[in-house]
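J.: The following block contains the structure, expressed as structure tokens.
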């Protein structure tokens, strides 16, 4: 008999996560630009020169490499302001999410683990806060206490803690009944040790997935607040504030408003792509089928 060779079944090739690579590379470049802004910016972001006001970018007629992206209505270099504006947008996004995470995760762990009146109190408190849209609530608080970098970060952080608390409570309720948690309790571990050593590490992947997407939302909210004058105040460069200051010039000098807006848009797209990639890897159950 002649042996028949059966070709081995080929395993399907795994797709390379191109989206992950591109988003990480793009965001890394943006973060590096923000960190090294003093070395990369060709001019001071606040230096004014009325004789050089509204110069076009280098790719338009009349542009020059002295101001590669042109200047604004008071002669400030747009490239320098966009570079420094990256610092503001990224810092607000990251710090606001950090405040949300610390407050929301802590409350969620306590409320979810102890349950009963503790859980009811915090969830009802969150329901009261969520009765108003977070942006409207932030507008009201900032209008009352005043705009500024610190106030924007604190307000955005405080108005969003309930989103993380609800997420953590739902996870803790499931985890608390698992065998390894019951075993730790039977061995005499205190509630504090069980929460921080056994429960928290198992809820953090889901929290990180949500936070990675939330950073982009916080950057967008900060830009919206700055656009209407309630965010980071001039002369500190902010992408939202720069977009607002140039809106009256869109018909004649579009680059003053469009280029900062484009920088914000590209950054938000990269953050969303990265957030989706992180979600698919840390919490596949959340992946859209």
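Each Cβ is built from the backbone N, Cα and C atoms, and glycine gets one as well.
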J.: According to TrEMBL, which of these ranges is transmembrane segment: 52-70, 128-146?
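T.: From TrEMBL, the annotated transmembrane segment range turns out to be 128-146.
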J.: Below 8 angstroms Cβ to Cβ, which residues of this chain, lying six or more residues outside the transmembrane segment (254-275), approach it?
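T.: Same-chain contacts beyond the flanks: 19-20, 22-24, 26-27, 30, 54, 56-57, 60, 69-70, 72-73, 78, 81-82, 85-86, 89-90, 209, 212-213, 215-216, 219-220, 223, 239-240, 242-247.
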J.: The transmembrane segment (128-146) vs the transmembrane segment (88-116): three or more C-beta pairs under 8 Å (separation of 6 or more)?
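T.: Touching, no - the transmembrane segment (128-146) and the transmembrane segment (88-116) miss the threshold of 3 or more Cβ pairs under 8 Å.
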